[in-house]
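Copied over from TrEMBL:
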COILED    845-879  coiled coil
COMPBIAS  906-919  compositional bias 'Polar residues'
DOMAIN    623-835  domain 'G-protein coupled receptors family 3 profile'
REGION    906-930  region 'Disordered'
TRANSMEM  549-572  transmembrane segment
TRANSMEM  584-607  transmembrane segment
TRANSMEM  627-647  transmembrane segment
TRANSMEM  668-688  transmembrane segment
TRANSMEM  727-748  transmembrane segment
TRANSMEM  768-786  transmembrane segment
TRANSMEM  792-813  transmembrane segment
Amino acid sequence: MALQTAFDIHVGNNARLRCVRRMQLLLITACLDGEWKMREVYNNDSISSPRTMTRPGSGHAPSTHSMPHYIRNLPFLRLFIGKWICARRGSGVKKSRMLLLLYMGGFNRYSEGRPDNDLHIGGIFPMEGEGGWQGGQACMPAAELALADVNARSDLLSGFKLLLHSNDSKCEPGLGASVMYNLLYNPPQKLLLLAGCSTVCTTVAEAAKMWNLMVLCYGASSPALSDRARFPTLFRTHPSATVHNPTRIKLMQKFGWSRIAILQQAEEVFISTVDDLEAHCKKSGIEIVTRQSFLSDPSDAVRNLRRQDARVIVGLFYVVAARRVLCEVYKHRLYGKSYVWFFIGWYEDNWFETNLEREGIDCTVEQMREAAEGHLTTEALMWNQNANQTTISGMTSEDFRSRLNEALREAGYDIDGERFPEGYQEAPLAYDAVWAVALAFNKTMEKLEKNGLSLKNFTYTNKKIADDIYEAINSTSFLGVSGLVAFSSQGDRIALTQIEQLSNNHYVKLGYYDTQADNLTWLDKEQWVGGKVPPDRTVVVNELRTVSLPLFACMTALCIAGILAAIGLIVFNTMHMHRRVIQWSHPACNTVMLCGCCVCLGAAIALGIDGRWVTPQHYTGLCAARAWLLAIGFSMAYGAMFTKVWRVHRHTTKPKTETKKRVHGWKLYTMVGGLLVVDFVLLTAWQLRDPLQRRVETFPLEAPRHHDDDVHIRPELEHCESEHNTIWLGVMYGYKGLVLVFGLFLAYETRSVKIRQINDSRYVGMSIYNVVVLCLITAPVTLVIASQQDAAFAFVSLAIVFCCFLSMALIFIPKVIEVIRHPTERAESGRGSGSGSTPADEERYRELVKENEELQKLIAQKEERIRVLKQKLAEREAAADVTQGTGGGGGGGGVLADLATATSDYGTSTNYTRSSRASVSDLDFSESYL
């Protein structure tokens, strides 16, 4: 009858049958990859016997029951049948009935002769895996201590004993599913499952709901487990990993870090944790510069962190991977005063020193210590911080620590040498998990007794009792060795977060954070390598490139000297304006040229004034001043010289009658004024339509000068530019270039012309040659070297200084020398002083020149006649000597008379020349300039 009832339960409901088949397929698929491990477990009969440990000295011995060989080998038969069912899904009900009889037969055989006062729970502990979290090494002894304490209490479970059936999952989800399957289908029937390791808990909790089994995880922090829709029967005494994220955000805000990087292991627990951390960072305005993940080898991921200049790094990985990461951190020098690492706090205190050789870590203990120094950890409080507070078990947290250490010593761990097994920090959670189960069972039993039922009536299909157990666990609240144990609506543990820092190879508590109250308790014990808080990025200092101060001082001194020289020449030009050497060089034009040189030299000084002396707000005015000074100074200085050479060219191309006319000064001023008007129009339009603004050119980062790893220099250079700067420069350069080229043409055309009205035309032409050549070289070169502030300033300022000094020297040095040589030259008449040459003077000069030429011709004729006469006289004298010898004479008188006449004419012409009104000094000076 009982067998028929079981058949009706399992087969009569088609929907449940399909669900069971799907679950069998899920479990079988999850175990395919680790089937060899399953066979090893089953064949070696490694499933532990039920544990009923008692407290030392209680006198109760643990009871064990051996399983028959048929039951031990039953899982393989069931696995084969499960696969056969999946392959033959179209089989009839008869085959299903036969399989269920086989299942139930196994249960019935094992249940015969068993006592009725035992409550059985299953335990899945990660013990000996190669990766992941192997916290069962310390959590399983803690759970056994809790079993002993619970069974020693007479006020719990009303005479029932709590027994634990456990096995090793190695923190592998496939093997964990196999262990769960073995626990469920090996009698006795389990009321609840204890599990550790997030990946295993995910698989177990997702499947356990099909058997109406509660799952209590003592070591699972994956945020994914908080999904009640996916895991409706899951609770955990280990807080969710997301409880660390608000703490991390709080620390980042405290130390001013707004740029972080994330390094994670490719496991679901860490992936979901990082997703939650990203959401918190986005909400808090913290930038995640990179997110790197790895499976087993973190070398590439750590290398990428260095490439991204990550400074504050959150690391999420199991402890085995953490040791590999730390070794790579040492190799890539991602530690020290410039870096901050956030590690998970549930590692053991000496996690970076242990198992290095066994795991193939090619870093020494000293190197690992050096790389680990200063890192921060965040962990939920897993030990009751009040060491003297008595918990529900009657012990304090220190009493529990002492008992746990003794049990671990008996298991062979070097506790005195601080060589703690993995999971030591989570051991209080496993201890309190057993107590939570006992309290929940006790509350459920009280409720069931009112209805005449007991926990022994629980089956995997009894949802009513499963719901009662769920409500009891959900409402459980007690003070355990890990602190206050209570569960949220998602089944998560509610706990504070502790912050620690590794300092001198020991963890120092820095503070606590209450997420719910948003309260950070800080102890001010942090110690940073280098004595200051590491920055969250390489600090980029914008450094303005300015003109070298010695260069600026030298060029300013030259410009000031040039300005003083120009002022001195203006005074000289004014004081000696009455002298012909000044009058015949147009002193007004010279004064304009000298003023233009002063303005150009002032512009050269303005070119060296930069951000060192002027604020960015006033830099626009400096840009405008540079343009106006340089343009106006050039037009004045070059325009004056251009006017002179233009006048010489006009003088040589006009008819001789027009050259006798006086050159009016206003015509010379008009040409300079015209150039200034064009400058004024262009600069005004430029200033109004598209004014020059301060533009900053940035350069690639440079290494710091004082070898500070946290600081890099970003050079900046100020420029005066407008939006259409190229167009405006093209217009200005085109206009000035035409004037330069035209002036060069005029200077070349008049290179051999000598006129009295402009006595320094040759020197003016030479000045124009130099100005044109320097300008044509300087303008394009400056555009090329504009990004080199010292070179550009030196090149432009030297060109300006050279043009000004050379022009002043060529035009005024001859005049100064002439004045020095003839300091006592008489002043001109009042009619001619103060101005250039008068028309009467010019007319007199031309008459004297003409008269002089005529006299020279006459003198040449007379001298020729005298020579001929002297020759004749000599011949006659010779003939006279011969005649005297013969008695004749005479004939010489006529020749002597002719000679006397010629001599008389020569003397007359000589006297006439000397009696002319020409001044010897005037003639000499005119000849020197002609």
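Using N, Cα and C of the backbone, Cβ positions are placed for all residues, glycine too.
Predicted automatically and left uncurated, TrEMBL annotations should be read as such.
These figures come from a predicted structure and were not determined experimentally.
Counting only same-chain residues 6+ beyond the ends of the transmembrane segment (668-688), those with a CB under 8 A from a CB of the stretch are 586, 588-589, 592, 624, 627-628, 631-632, 635-636, 639-640, 642-644, 646-647, 722, 728, 731-732, 735, 739. Residues of the same chain lying 6 or more positions beyond the ends of the transmembrane segment (549-572) and with a Cβ under 8 Å from any Cβ of it are 590-591, 594-595, 597-598, 601-602, 604-605, 608, 612, 790, 793-794, 797-798, 800-801, 804-805, 808, 812, 815-816, 819. For the domain 'G-protein coupled receptors family 3 profile' (623-835), the mean pLDDT of the prediction comes to 80. With a threshold of 8 Å between CB atoms, the same-chain residues lying at least 6 positions outside the transmembrane segment (727-748) that come near it are 631, 634, 638-639, 641-642, 645-646, 648-649, 675, 678, 682, 686, 690, 764-766, 768-769, 771-772, 775-776, 779. Outside the transmembrane segment (792-813) by six or more residues, the chain places 547, 551-552, 555, 558-559, 562, 565-566, 569, 572-573, 585, 590, 593-594, 597, 600-601, 603-604, 607-608, 637, 641, 760, 763-764, 766-767, 770-771, 774-775, 777-778, 781-782, 785-786 with a CB less than 8 A from a CB of the stretch.
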